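According to Swiss-Prot, the protein has these features:
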BINDING   Thr5, Ser6, Asn7, Arg8, His9, Lys10, Thr64, Phe135, Gly136, Tyr137, Asp138, Lys158, His163, Arg164  substrate binding site
BINDING   Glu34, Asp63  Mg(2+) binding site
ACT_SITE  Asp63  active site, proton acceptor
Amino acid sequence: MLFITSNRHKYEEAAEFLGNYNIDIKWKNMKYEEIQGDTNKEISMDSCRKLMYKIKDDFFIDDTGLYIDDLNGFPGPYASYVNKTLGNKNIIRLASGSRAHFETVISLFYSGKIYQFSGILNGTISDHESGSMNFGYDPIFIPDGYDKSLAELSISEKNRISHRSKALEIMVEFLKKQ
């Protein structure tokens, strides 16, 4: 099965997680145009529909957003763009201590149909960056029940709790029934 993403970190997390279920995925490093939708679900579905005409094999894609309560859900599905333009330091300045959550929506093209699976991770925006696993907002996001950022967790630790692993777990359960 192909995982279509231009983000190596997403692929590494998914490959490690799915490997625990003996599911081998191949990375297709491919950029594709995304709509500027209001939800990760909408963006993921639209992208999957476009890609299913280009790629005939089974594949999945992932769209993830960060929703900060004190900013009325901003940046939401625009998380990647905002991270590139504002960066973590400015998010800290705007939202340190705010409740937030990540949402990942996976769209799976399987046997000619599209299926969607989502996962959420709740937490808080930190007052500083920390950790060496520097991927997106991980250095400033402290998951509920932890006193350290996602960037301070190993991939296997992160995969036990993350929004992406929760969505992947639901996808695995779906695939087991097929």
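The backbone N, Cα and C atoms fix where each Cβ goes, glycine too.
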Spatial separation of Asp63 (Mg(2+) binding site) from His9 (substrate binding site) - C-alpha basis, Å: 13
Cα-Cα distance linking Glu34 (Mg(2+) binding site) and Asp138 (substrate binding site), given in Å to the nearest integer: 23
Which same-chain residues, if any, lie at least 6 apart from Thr5 (substrate binding site) yet have Cβ under 8 Å of it: Tyr11, Trp27, Lys28, Asn29, Met30, Ile61, Asp62
Largest tally of Cβ atoms lying within 10 Å of a Cβ, found at which of the binding-site residues Asn7, Thr64: Thr64
Other CB atoms, at most 10 A from the CB of Glu34 (Mg(2+) binding site): 16
Fewest Cβ neighbours within 10 Å, where candidates are the binding-site residues His9, His163: His9
Most distant Cα pair in Å, residues Thr5, Ser6, Asn7, Arg8, His9, Lys10, Thr64, Phe135, Gly136, Tyr137, Asp138, Lys158, His163, Arg164 binding substrate: 20
